[in-house]
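Novice: OK, TrEMBL features for this one:
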| type | residues | note |
| --- | --- | --- |
| ACT_SITE | Asp81 | active site, proton donor |
| BINDING | His82, His178, His207 | Zn(2+) 1 binding site |
| BINDING | Asp103, Glu133 | Zn(2+) 2 binding site |
| BINDING | Gly179, Gly208, Gly209, Ser210, Asn229, Ile230, Ser231, Thr232 | dihydroxyacetone phosphate binding site |
Amino acid sequence: MVLVSAKVLVDKAYQNHFAVGAFNVGNSEFVKNILAVAEDLKSPVIMQIHPYEYDLMGSDIVKYVREAAMTANVPVAIHLDHGRDINDVMRALRDQMNSVMIDTSGLPFAENLATTKQVVDLAHRIGVAVEAELGSIGNRNATADNNMGRVYTDPKSAKEFVDQTGVDDLAVAIGTVHGPYPSGDNDIKIDRLDALNEVLHMPLVLHGGSNNPNNKIKEAIAHGIAKVNISTDIKMPYYHAIKDTVLAKPDQYEPWIMTPAADEVQKQVLRDKMLLFGSDDKAKLYFNDPETLKPLYPYDSDIVDEIIYDQQTDETLVAR
């Protein structure tokens, strides 16, 4: 199967009322596990790489994911998760990811809008989808006293943001938290999601998808969420299983002894998530769609650089 544009994956999910899982790639084992479950369930899938993961593993991880995806029999997209600035985005484009996120949601609205528009203008010239974030997803270091760091997405601001940037997908802050919930609490606001849908009419993205009750995730998908990001829920069981194996077999050290139990635990979580999102048996929706099979990479890194430098006067923004 060829790599598929993340926009095609998410748009079709939105039209057919399911969500595509976007799973963070923590190492090469994660790649194999994600693809194995997606193929078994005939599910489209997005494999995403956070800048911290990118920094750790380098560009070779993108090449590995891309080559693995090209041999899969289900639709796959490769996505940059939470690009911190335009340099992160440029690195992803040079490495031929076919979807990027620029997350400058911590900046004032006008700066977030301007940076996002800059990324959209660049990425769309080479057919790469762009996701952005508006509002503030909570985080595990926040507390209940400050609402876990949440700043909910305002519908009016979201409409202005989408109209002016041309972004393909929008990650909205509706009450989820990145990482484990500090208090074990959950606060997904379906009414806020409905208000956003009324003005946006586009696929919305749920970040902080881990540690949420299944019924709330299902409800969010029924109300317009078409991409769900999962990281913590596939990492914690994996590494706990590794730890348990190390403690049970302290004299062992070979990877083929230490990782199989962790792989199986992770695969079960992946299976549960894809079934929850309703993406199982949905790969067939993409096979006969000419947009699905459209070539994604009519460019090389030199052309990317030419486009970048043609548009940017400040070369510090695109430093290698």
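Keep in mind that glycine also has a Cβ here, set from the backbone N, Cα and C atoms.
Help me picture where these features are in the structure shown.
Specialist: For Asp81 (active site, proton donor), the number of other Cβ atoms no farther than 10 Å from its own Cβ, over all displayed protein chains, is 28.
For His82 (Zn(2+) 1 binding site), applying a Cβ distance below 8 Å and a minimum sequence separation of six or more within one chain yields His50, Pro51, Met101, Asp103.
Under DSSP, Gly208 (dihydroxyacetone phosphate binding site) is assigned to coil, being neither helix nor strand in the three-state scheme.
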Novice: Out of the recorded positions Asp81, Glu133, His207, give me the one sitting nearest to Ile230 (dihydroxyacetone phosphate binding site) by CA distance.
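Specialist: It is His207, whose Cα lies nearest.
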Novice: In this structure, which of the binding-site residues Gly209, Ser210, Ile230, Thr232 has the fewest other Cβ atoms within 10 Å of its Cβ?
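Specialist: Checked Gly209, Ser210, Ile230, Thr232; of these binding-site residues, fewest Cβ neighbours within 10 Å: Thr232.
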Novice: Roughly how many angstrom lie between the C-alpha atoms of His207 (Zn(2+) 1 binding site) and Ser231 (dihydroxyacetone phosphate binding site)?
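Specialist: His207 (Zn(2+) 1 binding site) to Ser231 (dihydroxyacetone phosphate binding site), Cα-Cα distance: 10 Å.
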Novice: With DSSP assignments reduced to helix, strand and coil, which class does Thr232 (dihydroxyacetone phosphate binding site) get?
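Specialist: It is helical.
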Novice: Which of these binding-site residues has the least crowded Cβ, counting other Cβ atoms within 10 Å: Asn229, Ser231?
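Specialist: Ser231, out of the binding-site residues Asn229, Ser231, has the fewest neighbouring Cβ atoms within 10 Å.
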Novice: Using a Cβ-Cβ cut-off under 8 angstroms and a sequence gap of six or more, which residues of the chain neighbour Glu133 (Zn(2+) 2 binding site)?
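Specialist: Within the chain, Glu133 (Zn(2+) 2 binding site) has Cβ neighbours under 8 Å at Met101, Asp103, Ser105, Leu170, Ala171, Val172, Ala173, His207.
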